[in-house]
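Participant: Pasting in a structure now, in structure tokens, and then I'll have a few things to ask.
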Amino acid sequence: MNLSTNNEIDIVRASSTKINDIDFDNLVFGNIFTDHMLICDFKDGKWQKPTIKPYEPFLLDPSAKVFHYGQAIFEGMKAYKDNNDDVWLFRPDENFDRFNKSAKRMAMPEVPEEVFLGGLHEILKIEKDWVKKGKGNTLYIRPFMIATGTGVVAAPSSQYRFMIILSPAKAYYSGEVKVIIAEHYSRAANGGIGAAKAAGNYSAQFYPTKLANEQGFQQIIWTDDATHTKLEEAGTMNVFFRINDTLFTAPSSERILDGVTRKSIIALAEKEGIDIQVRSVLVWELVEAAKNGTLKEIFGAGTAAVINPIVGFSYKDEYFELPKLEDSVALKLKDKLTNIQYKLEEDTFGWTVKI
Ligand code: COI
């Protein structure tokens, strides 16, 4: 190991790298991590100096509040390599802002920009060889914060740990995605934490998703908790519907995550002259459009999955198959978006940030 410091961050370099043992062509999403991680602790009311050090497990007290009350938030981001070997981030300021909104909602301290974005730049400089060239290759970035303070009193912690870990990734889903429309379970409710990237929002989906998997569906389209009539999200992604030549997606709200991919697709669709309406689509509208042939596409959008076409949906035990299209808007928008991310097309939006 070799210790250095750049004033803001202590850096302890790993004595060897795992990179030569990784089969980058056959990655299972989120299973392999790079050689280093970033750690920054919050104690005595302030953030301490961050450290980048070799990736390894760490100890926590069994009474740490994250174990008992789930005070935990995260973000999902990606780094991309262009044909000149430069590494790029996509709209990192959006993730930073949303992380701190999530922190506020979960009564956690906000993370300073120099720790979140400054730390991310430093660790990516160290791990740049883990970002492989070529469309589809990415380094998935997982910043997260957990409550590390001890004691099982149900109150916010006074100590926290912010970390960044990195995982080389290709596709999130390996096969076709069929969904079932939620009639009973909910992902989020008004006044709840649906708009925060809180860990519990995701674990609360596991049981209903397991039931859906048992029926042959990969994901659930979440509906509003009060009436189950409005279509809101698809699994861990935002969701878009194309009826005739109009794209629809629900407005972000207290129940819906303000996705970075979602808002980029809206902007790209507007630029491409695609008719896009940000409004709730009702379940009956979707079923009617599927029955009369005007429903052309459904797709999920998120950082991990990018844009994921959905091949069919089930509602009240009736299954509707989506048509296989030559002129898929989902694939056109995915191509445009990834061309910007990999610097294959001019980024007229100013979304990409060089490391
Ligand atoms: C992402 O798309 O980055 C997410 O946060 C979803 C996650 C469950 C993989």
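Placement of Cβ uses the backbone N, Cα and C atoms for every residue, glycine included.
Keep in mind that TrEMBL annotations are predicted by a computer and have not been checked by a curator.
Annotation comment: TrEMBL describes Lys197 as N6-(pyridoxal phosphate)lysine.
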Participant: Using Cβ-Cβ distances, find the residues under 8 Å from Lys197 (N6-(pyridoxal phosphate)lysine) that belong to the same chain and are at least 6 apart in sequence, listing them in sequence order.
Facilitator: Ile73, Phe74, Glu75, Gly76, Arg98, Phe99, Ser102, Leu257
Participant: State the three-class DSSP label for Lys197 (N6-(pyridoxal phosphate)lysine), counting H, G and I as helix, E and B as strand, and everything else as coil.
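Facilitator: The residue in question, Lys197 (N6-(pyridoxal phosphate)lysine), is coil (DSSP, three-state).
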